[in-house]
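Trainee: According to Swiss-Prot, the protein carries these features:
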type     : residues                                                        : note
ACT_SITE : H362                                                            : active site, proton acceptor
BINDING  : 8-11, K22, Q72, 77-78, G139, E154, N227, R332, K350, Y365, N376 : UDP-N-acetyl-alpha-D-glucosamine binding site
BINDING  : D102, N227                                                      : Mg(2+) binding site
BINDING  : N385, Y386, A422, R439                                          : acetyl-CoA binding site
REGION   : 1-229                                                           : region 'Pyrophosphorylase'
REGION   : 230-250                                                         : region 'Linker'
REGION   : 251-450                                                         : region 'N-acetyltransferase'
Amino acid sequence: MRRHAIILAAGKGTRMKSKKYKVLHEVAGKPMVEHVLESVKGSGVDQVVTIVGHGAESVKGHLGERSLYSFQEKQLGTAHAVQMAKSHLEDKEGTTIVVCGDTPLITKETLETLIAHHEDANAQATVLSASIQQPYGYGRIVRNASGRLERIVEEKDATQAEKDINEISSGIFAFNNKTLFEKLTQVKNDNAQGEYYLPDVLSLILNDGGIVEVYRTNDVEEIMGVNDRVMLSQAEKAMQRRTNHYHMLNGVTIIDPDSTFIGPDVTIGSDTVIEPGVRINGRTEIGEDVVIGQYSEINNSTIENGACIQQSVVNDASVGANTKVGPFAQLRPGAQLGADVKVGNFVEIKKADLKDGAKVSHLSYIGDAVIGERTNIGCGTITVNYDGENKFKTIVGKDSFVGCNVNLVAPVTIGDDVLVAAGSTITDDVPNDSLAVARARQTTKEGYRK
């Protein structure tokens, strides 16, 4: 059976008090609507239509060709929004799920189960519900004497008795697609809001003797919508807790989960230890037996087995096995560290390849460079790579020793087994097995201070 999805993402989100389009506010480093799209796609849906309005181009820019789009110029209610997908879906067979773009915690597993329940019951519609202690603001599930759904009533249209009901509609539905678009044309806006409500489609189906199911989830967090910054922080916390829980169950030690942020696309090997205050974002891959020291930040990087990152920032870089970084080092985009490398305190590496066993231990900048195997770069060494217009490359061979406070003025090549004397400014290439000294000779005037 064909399966389709409609993501409702046209709301302005005025309660966010933001210039940014509501569904583009991020949870765990990713726009809310992108979380929803990934869960929808993961549930086995063949085609997705996202309903956009204010800020449409921004949403399209994030989701790209993973979705089709329909534009809702005026926000006249959820039924009106769904009807905007008519040109894409009206004649399709199969099941269509409707999901709100501001529910970033919904999982593909719950959507899969909702669809399966709906199709197994041969229902025309199924609503995902949950029971919560404080149902204010949600539509209530009103059941008849036999426990079947009678209707869904919105908060502003509910009687006091209905407001006392704690089973709520999540705003997530599964429909027989053709039934959905047939009934949408019959929805009226005679309610307190003057809007066209999608739950009214369920009442129309019931009035015609159709089957409407309720599938209740026990995970209330999943259906939480985000309407303001407080709810955004709650969703962030819930996503953080879920992600950390997953990694801990898979063999990762997280010393303080409450202060540790790990993005949803991060992979971490077993027996790795994450210390407090760490942030790991993007498509980062961390191997086994790694230690990520407190307050480190890692983005879109690869950290291989046995490496140790201490209080450092790593962006778009790779760190080899058993390599030590930090404390207080910065690996910028293009930094590639081999195995058994040491990058020490207050060292900055940018677009540089440090081969196995290389050491840059203190107070150095290495940019646009290649440092050979087992070469030692002394404290305060700088690759002078920029002339104000262009960047130039520095190459240092293997088994070389660069003394403290050396300037390597690129473009320049230092050979293998070279010794560069401390305090030198190197402007010319140095061949293998050489000593390079480029500094003024010391002059001492004895008795000068007497």
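In case you wondered, yes, glycine gets a Cβ from its N, Cα and C as well.
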Trainee: Name the residues of the same chain, 6+ apart in sequence, whose Cβ is under 8 Å from the Cβ of N376 (UDP-N-acetyl-alpha-D-glucosamine binding site)?
Mentor: A358, K359, S361, S400, F401, V402
Trainee: Same-chain Cβ contacts of the region 'Linker' (230-250) under 8 Å, 6 or more residues past its ends?
Mentor: 16, 25, 27-28, 32, 104-105, 221, 224, 257, 260-264, 266, 268, 270, 274
Trainee: Between the recorded positions K22, K350, H362, R439, whose Cβ has more other Cβ atoms within 10 Å than any of the rest?
Mentor: K22
Trainee: Whole-number Å distance between the CA of N227 (UDP-N-acetyl-alpha-D-glucosamine binding site) and the CA of Y386 (acetyl-CoA binding site)?
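Mentor: Roughly 48 Å, rounded to the nearest whole number.
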Trainee: How many Å separate the Cα atoms of K22 (UDP-N-acetyl-alpha-D-glucosamine binding site) and D102 (Mg(2+) binding site)?
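Mentor: Approximately 8 Å lies between the Cα of K22 (UDP-N-acetyl-alpha-D-glucosamine binding site) and that of D102 (Mg(2+) binding site).
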Trainee: If you compare CA-to-CA distances from L8 (UDP-N-acetyl-alpha-D-glucosamine binding site) to each of the binding-site residues Y386, A422, R439, which comes out shortest?
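Mentor: The answer is Y386.
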Trainee: Could you find out if DSSP has L8 (UDP-N-acetyl-alpha-D-glucosamine binding site) as helix, strand or coil?
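Mentor: Strand, per DSSP.
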Trainee: Is K22 (UDP-N-acetyl-alpha-D-glucosamine binding site) helix, strand or coil when read with DSSP?
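Mentor: The residue in question, K22 (UDP-N-acetyl-alpha-D-glucosamine binding site), is helix (DSSP, three-state).
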